[in-house]
Every structure is written in structure tokens, then in C-alpha cells.
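Enquirer: Annotation source Swiss-Prot lists ATP binding site at 5-12, 132-139, citing sequence analysis. Per Swiss-Prot, Zn(2+) binding site is recorded for His156, Cys166, Cys168, Cys173.
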Amino acid sequence: MTTLAIDIGGTKLAAALIDNNLRISQRRELPTPASKTPDALREALKALVEPLRAEARQVAIASTGIIQEGMLLALNPHNLGGLLHFPLVQTLEAIAGLPTLAVNDAQAAAWAEYHALPDDIRDMVFITVSTGVGGGVVCDGKLLTGKGGLAGHLGHTLADPHGPVCGCGRVGCVEAIASGRGMAAAARDDLAGCDAKTLFIRAGEGHQQARHLVSQSAQVIARMIADVKATTDCQCVVIGGSVGLAEGYLEQVRAFLMQEPAPYHVALSAARYRHDAGLLGAALLAQGDTL
């Protein structure tokens with residue numbers, strides 16, 4: 001059965017057709033609308049989906065935010081241009097005329113990456129470092145979503161009680177410091193206004209402030225991973241997202257993690273499916289692969 005998979009992120013929307021063998025075809029992307037209105041997101045999704053829907057039999061959505069009974073609830077509204085509530089499943093069913101499933105994007109990506117691991121791995125955590133910071137937890141071969149859909153939102157754990165206010169309302173969240181948006185917000189002087197991609201470029205050129213911002217992000221993520229190891233005793237952690245997959249970033253995270261006491265060390269690897277992990281995980285779940 002062909003699935004029309006959609007990934008809704010803070011900076012881009014992606015869609016593709018995925019068959020039962022996880023082959024991807026006709027991948028398309030659009031920028032996530034900056035408008036705070038539901039109509040803007042609805043129209044962007046319609047433009048993304050219309051060319052693909054005739055060949056699909058179902059829709060699977062991986063979206064940033066919390067998914068509750070088909071509704072998209074933004075824990076950090078800044079990641080979706082201020083959007084707080086959006087009837088995601090209802091909207092896509094109306095656009096595509098197909099049965100629709102929705103799941104958090106990091107949870108979906110965790111499920112895809114779990115399937116790429118050796119069979120003896122039953123406990124893993126996926127962490128995405130991108131516009132925001134998210135995660136997905138697989139425990140004893142089962143994806144944890146939680147009754148309220150909050151499971152795996154690791155970016156909203158505490159990094160610094162004196163840190164910046166996060167869009168979720170807490171102070172000093174991992175996401176507020178380590179995410180691409182958090183790094184950009186902390187940039188000063190000649191880096192003010194630069195996005196995360198530019199900060200990585202400048203860091204590669206030796207710019208001291210840019211190098212500090214990248215290093216600080218990696219250290220915060222490493223400390224969070226130590227907390228995750230203590231909480232879940234996972235066998236491995238997989239890192240994805242535009243920041244997480246940036247050149248040299250994983251190596252910095254690994255170096256900082258090795259500075260933690262040995263019980264908190266855990267194997268780290270880059271996401272095998274890279275930026276397609278959310279699409280593939282959502283398709284797997286829609287196809288009934290829930291173990």
C-alpha cells in the first residue's frame with residue numbers, strides 16, 4: 001500500500017510517496033509558513049499534497065509538537081510561527097480524502113531509526129537537534145508516546161536554571177540553548193541575526209563566538225544524553241536534525257559525553273535515514289508496524 005507521508009517541521013514541510021518496502025518517491029518540500037494563521041498552514045499543506053494524493057491510499061503525518069486525538073498542540077508555539085492548535089488529521093483528511101494518522105515527528109523518526117538497528121537493540125533513544133530539540137524513546141521494542149503525547153520531548157528538560165526563557169514557558173530548557181533557534185537567539189555583535197547554518201559556517205572559519213555557540217550546544221546535548229542514559233538505561237542514542245547532522249557536531253557531542261562519569265556513557269550514532277526519518281517512521285506506523 002502506498003502511503004503519502006508528510007513531515008511538518010519548524011522550517012520546512014516535506015512530503016513523499018512511500019511503498020511497503022520503504023522506497024521513497026516524488027519527494028517534495030516547501031518552507032513552513034511564517035504566518036500565525038491556521039489558513040496559511042492549511043494552504044501550504046494543500047499545495048504540498050495535491051500532486052501526490054491520487055497515487056496514495058493513506059496519509060501519515062510526522063509533525064513537530066504534541067499530537068492529541070488528531071490535534072496538533074504546539075509545546076513551543078515559536079516553532080510553528082505561533083500556531084497553538086491545529087486540527088491536523090481533520091485537515092489532511094479533507095485535503096486528501098484518505099484515512100490519516102498523525103504522530104510527533106521525533107517519535108516517528110525514532111521508530112524509523114530503531115528499525116535500522118541490529119536486532120539485539122531493544123532500547124534506544126532518538127534525539128533531533130534542529131529548529132527545536134526533540135526526541136523519541138523505544139523501550140523493549142515499543143515506541144513510547146504517552147497518554148498525552150508528551151513522551152520524548154527531551155528538549156524541554158532543564159539545562160540551565162538561569163538560562164533563557166523557552167517558548168514552552170519554562171526557563172533554561174535544552175531547546176532554548178542548544179537548538180538552531182536557541183543558538184541564533186544567543187548570537188551577538190557581527191553574528192546578530194545569523195541563522196544556525198551561518199553560525200556553523202562561521203565556526204568552520206574559526207570565528208570564536210560561533211565556535212562557542214556550537215560547542216555550547218553540543219555540551220548541553222551531551223549532558224542531556226547523560227540524563228537520558230540515567231533515566232532509560234538505553235543501549236544507544238541516535239542523533240538527527242539539521243544541527244545534529246551538521247559536520248563535526250556529533251564528534252563534539254561524543255567528546256563532551258566522554259567527560260561524564262562512565263555509567264552515563266552510551267553509544268552514539270548519526271541518523272541512518274537522515275532527513276527522511278520522520279517520513280519513514282510515520283509511514284511504518286500507518287502501515288501497522290507497531291510491534
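Glycine is treated like the rest: Cβ placed from N, Cα and C.
Please situate the listed features within the shown structure.
Expert: Cβ neighbour count for Gly134 (ATP binding site) (all protein chains, 10 Å cutoff from its Cβ): 32. Look at Gly134 (ATP binding site): DSSP puts it in a strand.
Annotation for Cys168 (Zn(2+) binding site): same-chain Cβ neighbours under 8 Å, separated by at least 6 residues, are Leu75, Asn76, His156, Glu175.
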Enquirer: I need the neighbours of the Zn(2+) site defined by His156, Cys166, Cys168, Cys173. Which other residues of that chain put their C-beta within 8 angstroms of the C-beta centroid, in sequence order?
Expert: Leu75, Asn76, Gly155, Gly167, Gly169, Arg170, Val174, Glu175, Ala176
Enquirer: List the Cα distance (Å, whole number) between Cys166 (Zn(2+) binding site) and Thr11 (ATP binding site).
Expert: 18
Enquirer: Would you count the other CB atoms within 10 A of the CB of Gly9 (ATP binding site), including those on all shown protein chains?
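Expert: Result for Gly9 (ATP binding site): 24 neighbouring Cβ atoms inside 10 Å.
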Enquirer: Fill in the CA-CA distance, Gly132 (ATP binding site) to Cys173 (Zn(2+) binding site), as an integer in Å.
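Expert: Rounded to the nearest whole number, the Cα-Cα distance is 11 Å.
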Enquirer: Any idea which of the binding-site residues Ala5, Asp7, Gly136, Cys173 has the thinnest Cβ neighbourhood at 10 Å?
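Expert: Among the binding-site residues Ala5, Asp7, Gly136, Cys173, the sparsest Cβ neighbourhood within 10 Å belongs to Asp7.
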